[in-house]
Amino acid sequence: MKPKLMYQELKVPAEEPASELPMNEIEAWKAAEKKARWVLLVLILAVVGFGALMTQLFLWEYGDLHLFGPNQRPAPCYDPCEAVLVESIPEGLDFPNASTSNPSTSQAWLGLLAGAHSSLDIASFYWTLTNNDTHTQEASAQQGEEVLRQLQTLAPRGVKVRIAVSKPNGPQPQADLQALLQSGAQVRMVDMQKLTHGVLHTKFWVVDQTHFYLGSANMDWRSLTQVKELGVVMYNCSCLARDLTKIFEAYWFLGQAGSSIPSTWPRPYDTRYNQETPMEICLNGTPALAYLASAPPPLCPSGRTPDLKALLNVVDNARSFIYIAVMNYLPIMEFSHPRRFWPAIDDGLRRAAYERGVKVRLLISCWGHSDPSMRAFLLSLAALRDNHTHSDIQVKLFVVPADDAQARIPYARVNHNKYMVTERATYIGTSNWSGSYFTETAGTSLLVTQNGRGGLRSQLEAVFLRDWDSPYSHDLDAAADSVGNACRLL
């Protein structure tokens, strides 16, 4: 039995009624709270933005140091890149007025020189911008002489000029280079014969690491008025220009006394941009993918696509047509002893025509220095054109006409182009198409993929079709006397 308990109510002290705040103080408190939230938000955004900015600056400065995985694409380039095809049309070679036309090589070079502010790097095969080598007073040499005069003004006005040139294997005029040295330019000769048994056949300029020229034209007065040349000038495209400078820096390094090709190139020479991860650029107002390739493979640091691999990739990815304009086409190691067959490009073209039904057109140069053995290989390719196999390969020879005076100019009157265009891609290079140029000789190419009409690709296609349909293009079975004695392949 429970004891009887007396319960008492537990008394809790009554709370005093809270005093109400005046309305103006409440509103002030709410305003202060709102302001604090905004300040915190702004602070957070500032920290995030600063972090993003520092990350971008870090990648911009050190992005080449293998920070990207195999499946990660580098950041796009936001430069307003402008590409302009430039040509040298030999005197006396005339197209109809309505034909495709482009600015001249000399006009483009002089414009680049006039606009140079801080630096000019030139990779070159040889130098003869005056006609001293011919011991004549050839009037058409004036454009080359003017280019040399303007080059001599750069160093005195504070522009750093560096020239990498192939070391000659024999006697070669050096007056141009001596004049440039005296004006303050720096010159290094690259002994490619010792390094790879080849030559430095590259032809490009980089101006202020912002603009560049790349193409077939040598530093030769004939390349401006007596030889048919094609190249591209890229304006306001520092992303690509800086990448091309890396190729130049490799030549510059190899031009030092006693230098050799590194077994592994130091990281500053590496690139992020290649066949697998091309640079995303805005080219002439249109999205495009671009990268630079190099030859021979020992001169390709990490990330750099070899020139031959890049060329074959364009061939293998063509689905409609492949148009090629090149001075020499030889599926051999041209300078090899004993002789060696080299079918890498030839196989790719045959496969494209036979397996995928791609229309293949080759416009090959014919002049007094053409290798006669080229004819048999060209006939072999052309023989694949067959209604039963539906293979469509055509070959034509381009002959630059010459009068008696022009015919006496040595190493002139030839189509020196080195490019390819498909329905998808543009390839503009500095090499002839035979094995040694890709395995031993230094060369560079620009590759661009761009959709739509009016871009670089369609402009190059128009140039090819103009030349292909011109009276200067001849079938392989044309009569030799119909084109004069300049062509050795008929």
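In case you wondered, yes, glycine gets a Cβ from its N, Cα and C as well.
Since the structure is predicted, the reported quantities are computational estimates derived from the model, not experimental observations.
These come from Swiss-Prot:
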TOPO_DOM  1-38  topological domain 'Cytoplasmic'
TRANSMEM  39-59  transmembrane segment
DISULFID  Cys77-Cys239  disulfide bond
DISULFID  Cys81-Cys237  disulfide bond
CARBOHYD  Asn97  N-linked glycosylation site
CARBOHYD  Asn132  N-linked glycosylation site
DOMAIN    196-223  domain 'PLD phosphodiesterase 1'
ACT_SITE  His201  active site
ACT_SITE  His201  active site, proton donor
BINDING   His201, Lys203, Asn218, His416  phosphate binding site
ACT_SITE  Lys203  active site
ACT_SITE  Asp208  active site
CARBOHYD  Asn236  N-linked glycosylation site
CARBOHYD  Asn284  N-linked glycosylation site
DISULFID  Cys366-Cys487  disulfide bond
CARBOHYD  Asn387  N-linked glycosylation site
DOMAIN    411-437  domain 'PLD phosphodiesterase 2'
ACT_SITE  His416  active site, nucleophile
BINDING   Phe438  Mg(2+) binding site
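Here the features listed in Swiss-Prot are placed on the structure.
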{"residue": "Cys77", "record": "disulfide bond", "Cβ contacts under 8 Å, 6 or more apart": "Cys237, Cys239, Leu240, Met279, Glu280, Ile281, Cys282"}
{"residue": "Cys81", "record": "disulfide bond", "Cβ contacts under 8 Å, 6 or more apart": "Met234, Tyr235, Asn236, Cys237, Cys239, Leu240, Ile281, Cys282, Leu283, Asn284"}
{"residue": "Asn97", "record": "N-linked glycosylation site", "Cβ contacts under 8 Å, 6 or more apart": "none"}
{"residue": "His201", "record": "active site", "Cβ contacts under 8 Å, 6 or more apart": "Phe125, Ser166, Thr430, Ser431, Tyr437, Thr441, Ala442, Gly443"}
{"residue": "Asp208", "record": "active site", "Cβ contacts under 8 Å, 6 or more apart": "Gly115, Ala116, His117, Ser118, Ser119, Leu120, Ala241"}
{"residue": "Asn218", "record": "phosphate binding site", "Cβ contacts under 8 Å, 6 or more apart": "Ser124, Phe125, Tyr126, Lys203"}
{"residue": "Asn387", "record": "N-linked glycosylation site", "Cβ contacts under 8 Å, 6 or more apart": "none"}
{"residue": "His416", "record": "phosphate binding site", "Cβ contacts under 8 Å, 6 or more apart": "Ser216, Ala217, Ser223, Val227, Lys228, Glu229, Met327, Ser365"}
{"residue": "Phe438", "record": "Mg(2+) binding site", "Cβ contacts under 8 Å, 6 or more apart": "Ala295, Pro296, Pro306, Asp307, Leu308, Leu311, Ala344, Ser431"}
### Task
Take the C-alpha atoms of Asn132 (N-linked glycosylation site) and Cys487 (disulfide bond) and report the distance between them in angstrom, rounded.
27
### Query
Looking only at Cβ atoms, how many others are within 10 Å of the one on Cys237 (disulfide bond)?
25
### Message
The record lists His201, Lys203, Asn218, His416 as binding phosphate. What's the largest Cα to Cα distance among them, in Å, rounded to a whole number?
### Response
13
### Task
Rank the glycosylation sites Asn132, Asn236, Asn284 by the number of other Cβ atoms within 10 Å of each Cβ, and give the residue at the low end.
Asn236
### Query
Out of Cys239, Cys366, which of the disulfide-bonded residues has the smallest number of neighbouring Cβ atoms within 10 Å?
Cys239
## Note on the structure
DSSP composition of the domain 'PLD phosphodiesterase 2' (411-437), residue counts helix/strand/coil, works out to 3 helix, 13 strand, 11 coil
### Query
Once the chains shown are all counted, how many other Cβ atoms turn up within 10 Å of the Cβ of Cys487 (disulfide bond)?
20
### Message
So, three-state DSSP: helix, strand or coil for Cys366 (disulfide bond)?
### Response
coil
### Query
Counting across all protein chains shown, how many other Cβ atoms sit within 10 Å of the Cβ of Lys203 (phosphate binding site)?
27
